[in-house]
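According to TrEMBL:
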DOMAIN    A:178-394  domain 'ABC transmembrane type-1'
TRANSMEM  A:41-64  transmembrane segment
TRANSMEM  A:76-96  transmembrane segment
TRANSMEM  A:116-134  transmembrane segment
TRANSMEM  A:178-203  transmembrane segment
TRANSMEM  A:224-249  transmembrane segment
TRANSMEM  A:255-276  transmembrane segment
TRANSMEM  A:306-327  transmembrane segment
TRANSMEM  A:374-398  transmembrane segment
Amino acid sequence: MNSMLVTLVLLLLLGFAYQTGWSRSSRLAQVEGRLHSKPIYHGALVAIWAIVPALLILGLWALFGTATANTRFRTLTSAVVLASAFGTGAIGLYLARNRISARFRARNEVERIIRYLLIGCSVVAILTTLGIVLSLLGEALRFFTFVSPVDFFFGTVWNPRFSSVGTGSGDFGLLPLLWGTVMIATIAILVALPIGLMTAVYLTQYAKPKTRNIIKPMIEVLAGIPTIVYGFFALVTVGPALAGLGAMFGLDIRATSALTAGIVMGVMIIPFISSLSDDVIRQVPRALRDGSLGLGATESETIRRVILPAALPGIVGAVLLAVSRAIGETMIVVLAAGNSPYLRLNPGEPVSTVTVTIVNQLTGDTDFSSPQSLVAFALGLTLFAMTLVLNIAALFIVRRYREQYE
Amino acid sequence: MMNALREDLTQMNMVVRQLAVDTDLYTLPSTTIRTPDLEPQPVKIKARNVNVFYGEKQAIHDVSIDIPEKAVTAFIGPSGCGKSTFLRCFNRMNDTIEGSRVDGLIELDGRSIIDRSLDVVELRARVGMVFQKPNPFPKSIYENIAYGPRIHGLVRSKADLDEIVERSLRKAGLFDEVKDRLHDTATGLSGGQQQRLCIARAIAVSPEVILMDEPCSALDPIATARVEELIDELRENYTIIIVTHSMQQAARVSQRTAMFHLGNLVEEGPTEKIFTSPEVKRTQDYITGRFG
Ligand SMILES: Nc1ncnc2c1ncn2[C@@H]1O[C@H](COP(=O)(O)OP(=O)(O)OP(=O)(O)O)[C@@H](O)[C@H]1O
Ligand SMILES: [Mg+2]
């Protein structure tokens, strides 16, 4: 059945139901005087009663119907389903229409339904998160039947040996990947924190409103650049430049290295740090600033000794959020980190990260029952746990900080 | 006879003052102010034809006033009449407000403080400020007091600093209440204690003038009484200007009162006179609560 047609019929049903409720209650209003609820509420309620059951049936059919449908009876089943959907809709319409009376509290009912709708929407996000965790967890557990958690979490060698797919042999040590992730995130923060924070200080304390209105959006553009573009930039421009720079000082820096990826990622998270810090610095009451200036402190003394310490918890929160962003970042590291999963101290050498490895393990034709691809889920779970902890910590700190000045 | 002598003295004063200006000695007072019950007070701050603008809008119109040394001057007037604005001229806090502009003449001990080239850091060390809402820094009590002396480099050793902290807290009448918890955070104090802490913080840099903008408006009557007592004690060593909405408070703590309305100085004189026989009807109406 043509889905366009179904949609059209549904819309017609919706319009007809609304019109029915509206006109019936309007007529009633002429006879009985003032109704409890305005006609639009009666109309809306009838429309809801007509459309929701129909949608439910169609939705269930879309989710589970195709799996069970026998091809031979396909047209027949879909005809039955459609008929029952629209039939229920018509019944709902009829029932709702008959409930209309002067005292009927349609408004309250519509409000209640709207509330359920809103709750439903927020539940979707929560359920999605839950679903992701569960699916990750399931696959990760399957992985741990091949490799023991101890070998995974504390192993220092990463060598999944694609050639031996299916045999279950290979080394799946997390530490080299984790090390790469941590090293790149650290470099990124070292780049982004001072620049972002000073930008925020400048914007909040020194910049005239006009300047601010120009600079702030320009910085936020950085946040809108697709990460793959940052990846190109790292690969084509920053990497070779760093290598050249290193050569000038007799340092061996590879074009794709932890340093390259870290620096570019740092640039990427500058807007995070600057706009989040901007918010928290702005929350420091003006009275504190005036108090310090009134004692004869200079602008920069005031910032260093009063404003930044007062904003510190919020800034820490901002940094944690930025770190979790850096840890989960993929495209830049895929292109610019060099994909070399060894434990190395030198940031000038290529590394690999958890995210890059997930990409590696899941691309190409792998079957989803070998540890070589299942390990991706264990890695994903690890990553998820790390960012979750960071995010919760950040939210907690930021909230505590908010309360301090309520 | 006496009058002639006074004339002469004033003349002399002016000559000496001119000399002082020439020789960079700014300590001599320009003139004196007579207030009943008090010795004639030298003028600490002299303001002439001061105008303050916020962007296009003029908040203070052509105000001239003399503030006597070691006395309390109260600024009263209905809300929005420009008391805070005028008060902030004396330590250049208006500089921190975007788009504000001050012109006219303001002298502290005979030296202009309007001048762009003046070092506001030094000025604010001499003219301290206490704000309407207590605003202790989110640091310990000790650190709050130590803040000013530290930034001005007034101390060499920890012992010096300890001494300043204790002395300031004592002067603010707070020491006994907090001596056992100097290193606790200051935001844990009560509102009244916080305000006295802010006064102690201002005192710690040994200012000559203390500006107080409605220092008791966030306090209960008991805390207010304590702060008022404190102001009365501080008068001995400091020149104090206090903005207040409470007529009783102005009457209780001040020796001179200036009444503002719509950015103009309506009337100014000894507190007693302003409260008993004001010259301008508007002042009387305001004091008796008929407008404002
Ligand atoms: N930052 C500012 N920007 C623009 N206009 C201001 C600013 N501060 C004060 N004003 C204006 O200047 C005028 C005087 O304000 P000011 O705060 O000095 O009054 P006030 O006498 O202290 O009032 P209150 O008793 O309510 O504290 C008011 O009209 C006010 O709107
Ligand atoms: Mg005010």
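Glycine residues also receive a Cβ, built from the backbone N, Cα and C atoms like all the rest.
Note that the coordinates shown come from a computational prediction; the quantities given were computed from them, not determined experimentally.
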Considering the transmembrane segment (A:374-398), which listed stretch of A:76-96, A:178-203, A:224-249, A:306-327 counts the most C-beta pairs under 8 Å: A:306-327
Return yes if the transmembrane segment (A:255-276) and the transmembrane segment (A:178-203) have at least 3 CB pairs under 8 Å (sequence gap of 6 or more), otherwise no. yes
Among the ranges A:41-64, A:76-96, A:306-327, the one whose Cβ pairs under 8 Å to the transmembrane segment (A:178-203) are most numerous: A:306-327
